[in-house]
Amino acid sequence: MPMNPDLEKERQGGTFDVEQLTHILDGGRDKTLKRHFLEQEVLKDPVFRGPDTRFLSREELFGELLRKHVAVIKKTQELSIDDINEASTIYSAAMNNNVGPLTLHSVAFVAPLDLMADDEQKKKWLIPAKKYEIIGCYAQTELGHGSFIRGLETRADYDVNTQQFVLNTPTETAIKWWVGGCVAVGDIGPKFGFGGVDNGYLCLNNVRIPRDNLLAKTGKVLEDGTYVKPENPKVVYGSMLGIRAALPKVGAYNLSKAVTIAIRYSCVRHQSEIKPGCGEPQVLDYQTQQHKLFPLLATAYAFHTVGVWMLDFHSTVMNEINEGHYHRLAEDHVLAAGLKAVINWKTHEGIEICRFSCGGHGYSLASSLPVIYVNHVANSTAEGETVILLLQTAVYLMKCVIDLEQGTPLDPSVAYLDQSFSKSEQWCSDVDMHSLLKAIQFRSKKFTEYVSSFVKKELMATGNQQLAFNKHKVILVECAKAHTEAVIMNAFVTKVDEILQSNPSVGKVLSLLCQIYGVTEILAHSGDYIQYEYLRKIDLDNIQDQLFKLYTYIRPEAVLLVDAFDFHDEVLKSILGRYDGQVYENMFKWAKASPFNKQDQGTFRKYIQQLKQAKL
Ligand SMILES: CCCCCCCCCCCCCCC/C=C/C(=O)SCCNC(=O)CCNC(=O)[C@H](O)C(C)(C)COP(=O)(O)OP(=O)(O)OC[C@H]1O[C@@H](n2cnc3c(N)ncnc32)[C@H](O)[C@@H]1OP(=O)(O)O
Ligand SMILES: Cc1cc2nc3c(=O)[nH]c(=O)nc-3n(C[C@H](O)[C@H](O)[C@H](O)COP(=O)(O)OP(=O)(O)OC[C@H]3O[C@@H](n4cnc5c(N)ncnc54)[C@H](O)[C@@H]3O)c2cc1C
């Protein structure tokens, strides 16, 4: 199909090599080539062809995705893939923006076995689980409790005579609920999204399991019922750490899809007039459209950068824990908590903005933006609700303030809290990314000190930490967000500095995005910078001018920057986001193919007849 002339023109501009940026995003040219190979292994294999999942009912969707997910597993085994990124490539190429039915087995059942099973148990369960010879799920949440784990009601009573645990969900609120990939007991019914996953309920009534079913690498129960505590009790929470550490990159992936669709479509879509008589401009030439999409484009790159960094950090910490070193578990937990919370929340807001920026066609499943949205938005609740996780980060920051007062060294990711920040020089309208980073770190430091002073005062008054925290939860959450933004901006600046050395032209365009991310973050909290007397009104006016100027620099690069995400059309599955920009013809073809247009609308005639017969 010929290339849409608008997109063809967009691709003649630009100042950097798109392919080199794709290689950087993938982690090197070889990884890009391997990703292309794996995608083709799926896209050319007829077993992965099937009905357009956007036209399917919940039951049909589940069946089709289960069929495909089994094919994904076979393909992954056939190609002897064990790298999680490569496995995810095969999975994403097949799932058409859905979450597959066996995802929880991979991300929530295998991980705890890896982390908490002893060698014997690994042989018995982990090896067959990795081969899908046993399929598992993660049944923690109950009808009455999800966030408050210490409030869970399920019982496991030890029967010393039979060396068994007797499992019971003694009350209705104890029924296990939301259990992804939970088979045989029951599905909790239709949901907002996640149609490909059978989130189930599980009632336990005197279910007996052998003593050695308790994963024993961390804690164990001896034959006489004595409980041997794990060296570090918090490691039992570790099974929730893996998914949280991965979800920032999942957020980046989903936001990258949404901005690819919105930016390509905004170049194809012509609407209204700027200069009368000069034809309808591309909607991406409107400053308001740029103001919607360019900060999100910058955010997608920022989130990808910090998502890769978080996964590396987490894997290092897990290796340390496997060797018995727990000193970085707390930092890993609060980084994963903060990044998972902030990134997934801003991602679902961003996907919605992308959908709105495509007008009516964004509301059609032909765009796939609604599919990406309803499947992504769960990530702000699942695996730790947003506020719950931000509070974890906030409590850690309050401890950092005490550590600072006591001269205890801080973890590297919060070292900036010990730095002194002088009020910024007068800013003009081309503030560099390092100055923007300093400002964002300054705000986080000041906010942490400010919140800590309130919590301390409350603690003095009540002597109760939970009460003190509960009275200031709103500003504690804001404090955790401010810190997390400092972590994101630091990762982005660090990566862009590195790329400026290795590939100056790519680095330059990414530094523009980094400035857009930083300026947008500062303008979103401009009042704090005035209140803390770090910036003046003139500074804020200047960076507002800078932002609009940055948009003009990014405009000619925008399509190339989303091309660099390198989504194959069959993976993106969006008519608005097609690489060739042939939207209208394919929208019409897709609509005509809808089963709704094929069904004999007998019902229509039947009921309208009634109206006529009723002689209204
Ligand atoms: C081939 C594969 C392809 C895959 C493709 C990828 C596609 C992916 C698509 C998306 C998939 C997403 C799937 C989602 C599935 C969802 C699953 C679930 O939802 S499972 C259930 C999740 N539930 C939760 O997260 C519950 C949240 N609540 C808690 O974690 C706890 O209740 C709490 C931490 C909020 C409170 O704990 P509590 O003990 O009550 O009190 P404290 O806050 O004092 O914590 C005690 C202590 O522990 C430390 N801590 C807490 N959590 C952790 C942790 N996780 N790791 C390490 N340490 C932890 C905390 O800091 C405290 O420390 P202290 O020093 O004492 O202060
Ligand atoms: C798509 C999806 C898949 C899931 N898959 C699984 C799975 O496979 N296995 C599993 O075990 N679970 C699963 N879950 C459940 C998930 O882990 C819980 O929904 C999540 O932990 C939130 O708990 P909750 O639903 O009890 O919400 P609640 O904790 O009841 O939250 C309700 C509100 O109360 C607020 N709140 C609660 N506690 C506090 C507090 N201390 N301070 C301030 N505010 C508070 C929250 O911020 C929120 O606004 C899944 C959920 C979803 C949506």
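Cβ coordinates come from backbone N, Cα and C, glycine included.
Per TrEMBL, the features are as follows:
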DOMAIN    17-135  domain 'Acyl-coenzyme A oxidase N-terminal'
BINDING   Thr141, Gly180  FAD binding site
DOMAIN    237-398  domain 'Acyl-CoA oxidase C-alpha1'
ACT_SITE  Glu383  active site, proton acceptor
DOMAIN    432-611  domain 'Acyl-CoA oxidase C-terminal'
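Projection of TrEMBL feature records onto the structure.
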{"residue": "Thr141", "record": "FAD binding site", "Cβ contacts under 8 Å, 6 or more apart": "Lys176, Trp177, Trp178, Val179"}
{"residue": "Gly180", "record": "FAD binding site", "Cβ contacts under 8 Å, 6 or more apart": "Thr103, Leu104, Ala108, Cys137, Tyr138, Phe194, Val197, Asp198, Asn199, Gly200"}
{"residue": "Glu383", "record": "active site, proton acceptor", "Cβ contacts under 8 Å, 6 or more apart": "Met240, Ile243, Arg244, Leu247, Lys340"}
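Using DSSP to sort the residues of the domain 'Acyl-coenzyme A oxidase N-terminal' (17-135) gives these counts of helix, strand and coil: 89 helix, 0 strand, 30 coil.
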